[in-house]
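One structure is given below, encoded as C-alpha cells.
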Amino acid sequence: MATHPDARTRIVVLVSGNGSNLQAVLDACDEGRLPAHVVAVVSNRSGAFALERAAAAGVPSVHVGKHADESRRDYDARLADVVAGFGPDLVVLAGWMRILTSDFLGWFPNRVINLHPARPGELPGVNAIERAWHEALAGERTATGVMVHLVPDEGVDDGPVLATADVPIRPDDTLDTLAERVHAVEHRLLVDTIATLCHHTSNTP
Ligand SMILES: Nc1nc2c(c(=O)[nH]1)N[C@@H](CN(C=O)c1ccc(C(=O)N[C@@H](CCC(=O)O)C(=O)O)cc1)CN2
Ligand SMILES: NCC(=O)N[C@@H]1O[C@H](COP(=O)([O-])[O-])[C@@H](O)[C@H]1O
C-alpha cells in the first residue's frame, strides 16, 4: 500500500564522499522498504560522488563549503540553517567527515544519527576500517564492526548506540575485501535502523 507522502519521515543526509550508504537509503526509500524520503543531500565537499548519486535520484543536493576564515561554530550555524530549511525529521550522517558542534546539533535535538565503521567504544574518528585491518595484521583483533548512534553533543562516536553489528576479519583479507564486507553490513544496518526510527516517529504524536 502506498504511503501518503506527508506521512513519510523526512530525511536529510549529510555526506562527504562516495555515498554508498546514501545510495542504500535512497534505494530503500524508492523500493518501499523505508516509509521515508530523502528531501535533501548536503555535502561539505563539492566533488563528493554522493552529490552525483543525489542528482541521479532527483534529490535536491547542496554543497556547503567552509569559508577560509570561518570558525567551526560559524560554519555549523550556517550549515544548520541550510539543513533546517528542508524541515527534516531525521538528519543522517553517512560518511560526513566533520565533527559537529552544538551550533549545529542544537537545532536538531535527538534527531541526528551517525554511522561509524567500528564497534561501540572502538576506533573513534577517521580511517577506522584501515586501522582495524592493521590491528588484525598485527594479531590484535579478528573482528571489527559497525554502529549507528545518536549524536546528542560534541562527543565523538560516543553517543547512545542505536544498532551495532560485528564484521569478521579474515586472515587473507586485504583492506579492500574488508572494506567491502564492512560497507555491506553498514548498508543493511543503516536502513534497518532508520526503519525503526521511522516507525517510532510515525507512532509518536
Ligand atoms: N559531534 C559529533 N560530530 C560528528 C560525529 C560525532 O560522533 N559527534 N561523528 C562524525 C563522523 N565521524 C565518525 O563517525 C568522524 C568524522 C570525522 C572526524 C574528524 O576528525 N574530522 C576532522 C576533519 C577530517 C577531514 O576533514 O578529513 C574535523 O572535523 O576536524 C571524526 C569523526 C561526524 N560528526
Ligand atoms: N567516522 C565516520 C566514518 O568513517 N564514516 C564512514 O565513512 C564511510 C562512508 O562511505 P560512503 O560514502 O560510501 O557511504 C562509511 O564507511 C562510514 O561508516
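If you go along the chain as it appears here, the first residue is 1 and each next one adds 1.
Cβ from N, Cα, C; glycine included.
Around the Cβ of H116 (active site, proton donor), 24 further Cβ atoms fall within 10 Å across all displayed protein chains. Sequence annotations record features per position, and here TrEMBL assigns active site, proton donor to H116.
The N(1)-(5-phospho-beta-D-ribosyl)glycinamide binding site annotation in TrEMBL covers G19, S20, N21. Cβ neighbours of G19 (N(1)-(5-phospho-beta-D-ribosyl)glycinamide binding site) (same chain, under 8 Å, six or more residues apart in sequence): V41, A48, F49, A50, L51, E52, R53, A54, A94, G95. DSSP assigns G19 (N(1)-(5-phospho-beta-D-ribosyl)glycinamide binding site) to coil in the three-state reduction, outside any helix or strand.
Residues annotated as (6R)-10-formyltetrahydrofolate binding site in TrEMBL: R72, M97, R98, I99, L100, N114. Around M97 ((6R)-10-formyltetrahydrofolate binding site), the same-chain residues at least 6 positions away in sequence with a Cβ under 8 Å from its Cβ are S16, G17, N44, V126.
The annotation domain 'Formyl transferase N-terminal' is assigned in TrEMBL to 10-194. If you average pLDDT over the domain 'Formyl transferase N-terminal' (10-194) in this model, you get 98.
Under DSSP, D157 (site 'Raises pKa of active site His') is assigned to coil, being neither helix nor strand in the three-state scheme. In this view, D157 (site 'Raises pKa of active site His') is surrounded by 19 other Cβ atoms within 10 Å of its Cβ, with every protein chain counted. According to TrEMBL, the site 'Raises pKa of active site His' annotation covers D157.
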Close in space, distant in sequence - I99 ((6R)-10-formyltetrahydrofolate binding site), Cβ under 8 Å, 6 or more apart: R72, E154, V156
From recorded positions R98, L100, N114, D157, the one whose Cα lies nearest N21 (N(1)-(5-phospho-beta-D-ribosyl)glycinamide binding site): N114
Three-class DSSP secondary structure - H116 (active site, proton donor): strand
